[in-house]
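Record features (TrEMBL):
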{"type": "COMPBIAS", "residues": "100-109", "note": "compositional bias 'Basic and acidic residues'"}
{"type": "DOMAIN", "residues": "125-523", "note": "domain 'Major facilitator superfamily (MFS) profile'"}
{"type": "REGION", "residues": "26-65", "note": "region 'Disordered'"}
{"type": "REGION", "residues": "89-118", "note": "region 'Disordered'"}
{"type": "REGION", "residues": "527-546", "note": "region 'Disordered'"}
{"type": "TRANSMEM", "residues": "126-149", "note": "transmembrane segment"}
{"type": "TRANSMEM", "residues": "169-191", "note": "transmembrane segment"}
{"type": "TRANSMEM", "residues": "198-217", "note": "transmembrane segment"}
{"type": "TRANSMEM", "residues": "223-247", "note": "transmembrane segment"}
{"type": "TRANSMEM", "residues": "254-277", "note": "transmembrane segment"}
{"type": "TRANSMEM", "residues": "289-307", "note": "transmembrane segment"}
{"type": "TRANSMEM", "residues": "344-360", "note": "transmembrane segment"}
{"type": "TRANSMEM", "residues": "408-425", "note": "transmembrane segment"}
{"type": "TRANSMEM", "residues": "431-457", "note": "transmembrane segment"}
{"type": "TRANSMEM", "residues": "469-487", "note": "transmembrane segment"}
{"type": "TRANSMEM", "residues": "499-518", "note": "transmembrane segment"}
Amino acid sequence: MAIGEEAGDGDVVGGFGLEGNGLIRSIDQPAVGDPIGTPSNDVRRRQTDLDNSDSGEGNPLLAESGAVTIDAPIGKLRRTQKVENAVAAQTDGSAMCQKMDPDNEDHPSEPANVTDGPPDGGLRAWMIMIGSFTINGVLFSIINTYSLIYPELQKRLTEAGETEVSSKAALVGSLTIGTTFFLSPVAGMLTDKFGIQTTTFVGGAIASVGLLLSSLLTDKVELLFLTYGIMYGLGASLAYTPSLAILGHYFKKYLGLVNGIVTAGSSIFTTLLPSLMEFLLRRLGLEGTLRSLAVLTATIMACAILFKPIPLTVPQGGISQDQKSIRKRLKEFVNVSIWKKKRYVVWASSIPIALFGYFVPYVHIGKFVDMTFKEADSKLPVMCIGITSGIGRLIFGYIADLPKVNRIFLQQISFLSIGILTLLLPFTKSFLMLLAISLGMGLFDGCFISLLGPIAFDICGREGATQAIGFLLGMCSIPLTIGPPIAGLLYDHTGSYDLPFLLAGIPPIVGALTMFLIRCVKRDDDDGSLNDPENPLSKADCQNGR
C-alpha cells in the first residue's frame, strides 16, 4: 500500500488531498496478492467508529473506488478522486458529528437537534394538531356556554341574599373572556421565557384549579370574580396562546388548514357541550357541574406533554457571550423585534379597529329576533353562526394554503363581508333572510379566526409569532369588551337596534380598508420576515407563493 505525503491546498500527492480546511485522505485499493490488505494502524484508528455502511466491505461504491473520506468537514460534500478511476464518496454529516473528536477545533460539530424547518407531517405533528384542537375546544366551549351556568348562579346568589344578582352573575362570565384575551400578551412573553410546553401545562392546571375552587364558592360572588373570572381566564390565556404558536413549529405547507382545524375545535365543542352541561346540571347540580368541567379542563395538561417545539436553526459563526446575554435580557419578557416590523404594526392595529363592532351581532341578535320576529326561535341565528363558523375555518384554512393566495387579503374579505352583513340587519324583514345573513356571518367569522396564527407566522416568523399572537389578542380584548355594552347603551336610549347595528357594521369595514396600508409600508432590511426561510410567504405580503 502506497501512502503519500501532505501537500498544499487543493494538491493531490500520492493519495493525499487537502480541500479547504478539511484534510482528505484516500487509501489505495490493495493490489492482488498484497500481503498487507488492510489500512495502517493510524488510519484504522480513525476508522474505528465507521459502521458497515461506511466501510469498503459494506458499501459497494467505496469498495469499487478504493477511497474513503475521513477528515471532511461536517455536513459538506467531499470527493476523493483517483486519477485512473474517479468515484465520489459522500460523507454523512450526521454520522460524522458522532465520529469527530469534540475537542478538535478544526471540526466543530453542529447541534444534533437543530432542523431547517417544520416537518409538515409525522406522528408528533398530527398529535400536536389534535392536542391544540382539544385545548381550543375545551377552553372556549366552557366560555361560550356560560349562559347555562348563568341562571343557576343567579339562583345561588339570590338564595345567599345578594343584590343585583343579574349584573354580578353576568360580570363573572364577562371577566373570563376579558381576562383570556387581555392577558394574552403576558402569555406570549411567558411562553418565550419558559417554553410552550411548560406554559401550556401551567395554564391548564390554573384553569382546572380555578373551576374546582369555584365549585366550593358558588354563593360568594366576590370570590367567584377571582376564581371563575380571573383565575380561569388566566389559565385559558396561558394555554390558548401557545396552542396556536406550536403549530408553526410543525407545519408550513398546511399551516392554514391546520389552524382552521384547530380553531374549529371551539365550534365543535360548543355544539356538543351544552347537552352535556344540561345533563350534569340536572344530575349533579351547579357544584358537581363545575367539578366535572374542572376534570375536563385538566385534559389540557395531557395535551401540553405533546408540545415539544422544534429548535430554530442556529446560524454559523455563533454569537459572542456578551451579545447572547444582551439579547437574552432584552427578550426575557418582551420580543421588541416584532414591533420593528411595520407590517405587523399595521396589521395588529387594524384588527382591534374591526372588532369594535364585530361581536355586537353575536351578543344582541337574540334580543333583536325577539323584538322583530316574535314567534321565531331566537337561538336559531346563533346556532347558524356557530355551525358555519366551524365550516368556514376548515374551508378558508384550506384555501389559505393554495398557491398564490394572499392570506391578509382573505382576512380583509372576511371583515368587509361581516361589516356589510351587519349593516343589512336593520333592513331584514324576513326571518329566512336573517338566517341567511347569520350563515354568512359565521362563514366569514371562521375565515378571520383561522388566519390569525398563519399571518402572524408569515409576518414575524417562528421566533416572533408567539408574542405577536399574544399582543394581538391582548389588543383585541378592549374592543371585544366595550363594543357590545356600547350597543346595549344605544338600544336603551333609542329603543331600537337600527342605530347599534348600523354603527357596528362600520368598524369591520374600516379595519379591512386599513389593512391595505400593509402594501404601502416600506420594508426594512432588518425585517426578519424578508429573508427568513421559515416564512417565505411574507415575501409577497403574506401571499402563498408556492
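Just so it is clear, glycine is given a Cβ too, placed from its N, Cα and C backbone atoms.
Unlike curated entries, TrEMBL annotations are predicted automatically.
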Segment proximity, the transmembrane segment (344-360) to the transmembrane segment (254-277), 3 or more C-beta pairs under 8 Å: no
Selection from 223-247, 344-360, 408-425, the stretch that has most Cβ pairs under 8 A to the transmembrane segment (289-307): 223-247
Among 198-217, 223-247, 344-360, 431-457, stretch most in contact with the transmembrane segment (408-425) (C-beta, under 8 angstroms): 431-457
Per Cβ pairs under 8 Å, the stretch of 126-149, 198-217, 344-360, 431-457, 499-518 packing most closely against the transmembrane segment (223-247): 198-217
Local confidence of the domain 'Major facilitator superfamily (MFS) profile' (125-523) - pLDDT mean: 84
Stretch among 198-217, 344-360, 431-457 sharing the most Cβ pairs under 8 Å with the transmembrane segment (499-518): 344-360
Chain residues outside the transmembrane segment (431-457) and at least six past its termini with a C-beta under 8 angstroms from it: 244-245, 247-248, 255-256, 259-260, 263-264, 267, 344, 347, 361, 365, 369, 372-373, 376, 380-382, 384-397, 400, 407-408, 410-411, 413-415, 417-418, 421-422, 424-425, 465, 468-469, 472, 534-535, 542
